[in-house]
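According to TrEMBL:
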TRANSMEM  12-31  transmembrane segment
DOMAIN    33-336  domain 'Ammonium transporter AmtB-like'
TRANSMEM  43-64  transmembrane segment
TRANSMEM  76-96  transmembrane segment
TRANSMEM  163-179  transmembrane segment
TRANSMEM  200-221  transmembrane segment
TRANSMEM  227-248  transmembrane segment
TRANSMEM  282-306  transmembrane segment
TRANSMEM  318-338  transmembrane segment
Amino acid sequence: MSSNYRNFQNSVPWLILFLEAVFIILFYFLFSADEASGSSISYPAFQDVSHMVIFGFGFFLTFLKRYGFSSTGFNLLITVLGVQCSVLIEGLLVFLLRGTNEGSLKRITKAAMTMTAVVISTGAVLGKTNPVQLILMTVVEIIVFRMSRWINNIFLEVPDNISLMHVHLFGAYFGLAVSSRCSEPLPRSEKNASTPKLDLFSMLGTLFLWVFWPSFNSILALNKRNAIYNTYFALAVSAVSAFVLSALTTKDGRFRMTHIHSAVLAGGVAVGYAAHCIEYPWIAMILGLLASVITILGSYCLQRCLNPVLKIHDTSGVHFTFGLPAVLGALAQVVLFVV
């Protein structure tokens, strides 16, 4: 966490207590007991998304030896606060716009999916922010992301299930924007170092994300079977491509876990927009291949060329892990829509 944390230490419990009190009061006024209880989402599907956000991303970011707790403990803290905040914003919009209430399980599932954007952004600023800054970033990002979804739904007429797939794109670039305003961390030997044990935990988070990604892409999809089918094959090809490209791009021909850690998830990110409407699995497989190539090549180009020029320090590489594959997926969705 930031070296200025001692200046904020006494503010953390009071800020959390204040937010929780506000949430409870607003829940009292906005939600009643006679709301619609039916939902197209099952509890096991919600569990998969929750496992991704809590376990997957929590362990995914445990590669810095001084911020293991920041990536797991603070991830849980901002997630539970952010889910409440997201549900309240949805309820407030329903109240102001006189919309239709959704089932409680669907509402909390969409809130958990929204938190994916926040935890991705956290990866870009890990080691440079204190808990107060993380909590404030969470609240601001949820509000801005909901505004972007509202613009997509109303003006661009993007379906709700597609607009939620923007979490990877939005989270990556929102995090980079915040990171550009943060101070540089101390040299790698002091704060940015890792250990084999933490790298193993980080890879465990990657495996959690890989296993549950088909549920994430299909939970709101109209054609769930198509979404699961295509997501799995895109993930499979991106995983195979990650091992191949890692061996080809290293001097000694060995696998680099930094490549595997990032590129195996690229296919799931890229296919998220169009997974439900892709008719042939080979299209999803090509997306997975291209996403893996973009991720590994991006890790070289961005870290060595672009980031120093823009003065951006992307701690966990969210730009090439989530941002660039999401851009590819958005372009693929546009092409498939036009064709």
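Going from the start of the chain as shown, residues are counted 1 onward.
The backbone N, Cα and C atoms fix where each Cβ goes, and this holds for glycine too.
76-96 is the stretch from 43-64, 76-96, 163-179, 227-248, 318-338 with the greatest number of Cβ pairs below 8 Å to the transmembrane segment (12-31). Non-local neighbours of the transmembrane segment (43-64) in the same chain are 70-72, 75-76, 79, 105, 108-109, 112-113, 115-116, 119-120, 122-123, 126-127, 191-194, 198-199, 201-202, 204-206, 208-209, 212-213, 215-216, 219, 261, 315-316; each lies 6+ residues outside the stretch with a CB under 8 Å from one of its CB atoms. Within the chain, the transmembrane segment (200-221) has long-range Cβ neighbours (under 8 A, six or more residues past its boundaries) at 41, 45-46, 48-49, 51-52, 55-63, 68, 109-110, 113, 116, 160-161, 164-165, 227-228, 231-232, 235, 239, 257, 260-261, 264-265, 268, 271-272, 275-276. Taking the domain 'Ammonium transporter AmtB-like' (33-336) as a whole, pLDDT averages 85 in the prediction. Relative to the transmembrane segment (163-179), the listed stretch 318-338 leads the set 76-96, 227-248, 318-338 in CB pairs under 8 A. Long-range contacts of the transmembrane segment (318-338) within its own chain (CB-CB distance under 8 A, at least 6 residues past either end) are made by residues 120-121, 123-124, 162, 165-166, 168-169, 171-173, 175-176, 262-263, 265-267, 269-274, 277-278, 283, 287, 290-291, 294-295, 298-299, 302, 307, 312.
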